[in-house]
Amino acid sequence: MKETPKKVLVIGSGPIKIAEAAEFDYSGSQALKALKEEGIETVLVNSNVATVQTSKKFADKLYMLPVVWWAVEKVIEKERPDGIMIGFGGQTALNVGVDLHKKGVLQKYGVKVLGTQIDGIEKALSREKFRETMIENNLPVPPSLSARSEEEAIKNAKIVGYPVMVRVSFNLGGRGSMVAWTEEDLKKNIRRALSQSYIGEVLIEKYLYHWIELEYEVMRDKKGNSAVIACIENLDPMGVHTGESTVVAPCQTLDNLEYQNMRTYTIEVARSINLIGECNVQFALNPRGYEYYIIETNPRMSRSSALASKATGYPLAYVSAKLALGYELHEVINKVSGRTCACFEPSLDYIVTKIPRWDLSKFENVDQSLATEMMSVGEVMSIGRSFEESLQKAVRMLDIGEPGVVGGKIYEAKMSKVEALKYLKERRPYWFLYVAKAFKEGATIDEVYEVTGISKFFLNKIKGLVDFYETLKILKEIDEETLKLAKKLGFSDEQISKALNKSTEYVRKIRDQSNIIPVVKLIDTLAGEWPSVTNYMYLTYNGTEDDLEFSQGNKLLIVGAGGFRIGVSVEFDWSVVSLMEAASKYFDEVAVLNYNPETVSTDWDIARKLYFDEINVERVLDLIKKEKFRYVATFSGGQIGNSIAKELEENGVRLLGTSGSSVDIAENREKFSKLLDKLGISQPNWVSATSLEEIKKFVNEVGFPVLVRPSYVLSGSSMKIAYSEEELYEYVRRATEISPKYPVVISKYIENAIEAEVDGVSDGNRVLGITLEHVEEAGVHSGDATMSIPFRKLSENSVNKMRENVLSLARELNIKGPFNVQFVVKDNTPHIIELNLRASRSMPFSSKAKGINLINESMKAIFNGLDFSEDYYEPPSKYWAVKSPQFSWSQLRGTYPFLGPEMKSTGEAASFGVTFYDALLKSWLSSIPNRIPNKNGIALVYGDKNLDYLKDTAVNLVKFGLTVYSISELPLQGIETIDKTKAEELVRAKKVEIVVTDGYLKKFDYNIRRTAVDYNIPVILNGRLGYEVSKAFLDYDSLTFFEISEYGGGI
């Protein structure tokens, strides 16, 4: 008998951080839908303003608060839910659930945990309890011992024997974990590992060098019925975090006995923790024989369960929520197929490849080797009918400038076999590119296996691609059969044209003449073995006919955001989903093209049609040929859509909204600067970096510092502030590399200015705009800035000038749809620095802060015009809203934390308040590891910028009850100083509660900043923000905990 609680509290995962990303927007949204179907009132706690689930249509009540136990207790006290779901918000939600249980909050208010119970969660997440549980149930685990202190860890490592793997309990993304080859390795890093455990516990485990890592996803109901949904094979061996691994599904190298044995163990693991819902079980398999160990389990929706859901077409999160309510597997219908129940295990007639995406080039000093800690910020998923096709598609989806496994920059680089093997031994990201290069330079399968541990099955497939490509290069013309084979192996028109030394248009023309076009296949979860109809599709050249007939009519294709990276995250998925919903009123059929397995936009019940495939000109033109889309929308998915807009328009594609030529003017720095000059709109002095002589002349006129800005980039890629000639020439070189087709502009950097933005919508004549003000001064990338609505420090006169400028641009460029304009304001004069003719990163925040969906308004603007009489309209603010960045410094081994014009944050949180400080503090506390300092603790405050703000910060922290030290080498007037060595010792001893600093001081304070983030100590990297947060600490007792609509926000 199922349970029907009247009101359920769902805990979200908070802002996106490395290892806890948009997969929890997807899983949380599905859980909320499953509850709504039952007529259950839902309450959501989540501070991630960028997500789809923090829109009003998903939860009946929404609290945008820090996802921590004391804030959730306030919600429980007010809402009195019957049940709580903690399995849909990642490790963050599980930790909160365990805390609420241990502190007696759930018992006090009679709140029942739905799904897997707390004792089962603790058995799974405490390394010690998990080991004991497996041994009790005769399930194989590697030799290991747990430890709760440095001394115990060192002692147990001697017993287990080196090399050892250090695994961290109650932890996210392998943070703090490592492989220690010697006692010296262990001593150097064990304190950090213990610091990263929520319960101060690690497991010292025998390191299984070059063993194969596999994952199984299992569903289990309250009666113990189980269904194994997917087997996922990691191409990277043990020692590389699964989130860092390239993976395939279904498993490719297992024989039936291996598969069935591990399947049985998976069901036994689920039984041993009394799982209700979904979990994944990770295995290590000896490549030399039938020997396997169970490594761990996650008793919640996870990154791999989101991948499994999208790979198989089985809605794991939806089914899991139903099981948590007491349904049995046979009682739940799989809504993807619409025909089968949830006890049917999926069968695949295709191969899925997932590859992580890294952005390590944005971070100084970062360790470039893949290891036990996750550092990737996103992932892509491709679908093909052969491993080669699937892998090559996935490489292009990464959007890193590589056309496939072969034929790109790395493949054609000057690099010897020895160098390629060296990079492989170091486990550099995108290892498959170096594997191909090694084979091209003459390496053998055995040589590559020796340094990588990657199965020879996969290495042989990559070698086959190299051999085929080298054969292509000696052809003068290509015949029909060879071209067909190339497409079946996943080669793009670009790759083929490079090999033949022809144009892509030439290859496409031959394909069209020979009728070599991809076919559309359905993902039905059952490999066609059972009748079902789905809307979930991919394209392949390994087929003869389409699985569906294409209708005629008024149809729209929406280009999604692709794989997430620094600067492109869940906020663009919010824009895509918002556009899907808004566009359905104007079109007969709306389809989306996207390939990100983490997102809501790639869910089975969001779009009328979902094409899970590449985003590039070739693929969009293929789809238009089949579907005859009337329009293509490129403005909602971030930079990837804008990058192909002009080329699509040149190929006769009708773009929805602003024209591709206007987008080109805005994205091309030189063209845009000339336009501003023509319109008489103020901007920082600039010059196009066409020659060193021009640059020298310009710098002599305006003086340092100057800002180097490439075109057609997102998140400030290669954008740098240069303070000397040496820096300037180095930055120009890098910027030219990242955007070689477009000009680099050098502009005067205006110091000590306010940065502000306008998120807006235009119909070409009028503007709906929302003003956002940054807390940090100009020079900190907008994605890393703390933002306030309404504005606080800008004068009305400045804002009016900004509005005039925006209106002038909207009319000149005939902007139709969403846009974002960035300003630097100095001495009440606004200077425009950037215009983005697309949905912006801050648009979910500005929309929810004002209670008006800017994407919905965009569709009105495009088709009907804006419905107000003023030339420029800004909705009034009812209360305060503040958005804060989430950094993942601790996950990025070795990097130096600092802020500048290139974006570093991985996510964002927001909160609402009756005052600016009420909203600010809750927003800041929503980003980990931020917390209220313990009074009587120590704060370090120092820096070489914003010194007045730093001094005032120190005064506030003293008032709050902290002992504040500055550093004698960088003293602050009136503040007690200690030397740098003493400061480092205090941080290492974990006696420091918070660090507030400013400026780029890597040679001086690298150890202080790095150790602080490694030990989970809050670090504020800007003096102005430090001052505002320290002031907010003084009003900590005045925080408000209202539902979002009580603040007048939400959409």
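The backbone N, Cα and C atoms fix where each Cβ goes, and this holds for glycine too.
Not measured: the values here are computed from a predicted model.
Per Swiss-Prot, the ATP 2 site holds Arg709, Lys748, Ile750, Glu755, Gly779, Val780, His781, Ser782, Gln822; the candidate it also names there, chosen from Glu693, Glu694, Glu796, Glu834, is Glu834. Among Arg167, Arg288, the residue that Swiss-Prot places alongside Arg127, Gly173, Gly174, Lys206, Leu208, Glu213, Gly239, Val240, His241, Gln282, Glu296 at the ATP 1 binding site is Arg167. Proximity of Gly173 (ATP 1 binding site) to non-local residues of its own chain (separation of 6 or more, Cβ distance below 8 Å) is seen for Ile18, Ala19, Glu20, His241, Gly243, Glu373, Met374, Gln891, given in sequence order. Secondary structure of the domain 'MGS-like' (930-1051) per DSSP, as helix, strand and coil residue counts: 54 helix, 23 strand, 45 coil. Inclusion criterion for the binding-site residues Glu296, Asn298, Arg709, Gly779, His781: a C-alpha placed within 10 angstroms of the C-alpha of Val240 (ATP 1 binding site); this criterion is met by none of them. Glu296 (Mn(2+) 1 binding site) is 46 Å away from Arg709 (ATP 2 binding site) when you measure Cα to Cα. With a cut-off of 8 Å between CB atoms and residues at least 6 apart in sequence, the same chain places Pro684, Ala778, Val824, Lys826, His831 near Ile750 (ATP 2 binding site), listed in sequence order. Within 10 Å of Glu296 (Mn(2+) 1 binding site), counting CA to CA, the binding-site residues Arg127, Gln282, Gly779, Gln822, Asn836 contribute Arg127, Gln282. Here Gln822 (ATP 2 binding site) is compared against the binding-site residues Arg127, Gln282, Asn298, Asn836, and the shortest C-alpha distance is to Asn836. Checking each of the binding-site residues (Arg127, Glu213, His781, Glu834) against Asn298 (Mn(2+) 2 binding site), the C-alpha distance stays within 10 Å for none of them. Proximity of Glu213 (ATP 1 binding site) to non-local residues of its own chain (separation of 6 or more, Cβ distance below 8 Å) is seen for Asn234, Asp236, Pro237, Met238, Val240, Thr242, Ser245, Gln282, Phe283, Ala284, Leu285, Ile295, given in sequence order. Mean pLDDT for the region 'Carboxyphosphate synthetic domain' (1-399) in this predicted model: 95. Glu834 (Mg(2+) 3 binding site) sits 12 Å from His781 (ATP 2 binding site), taking the CA atoms of both as reference points.
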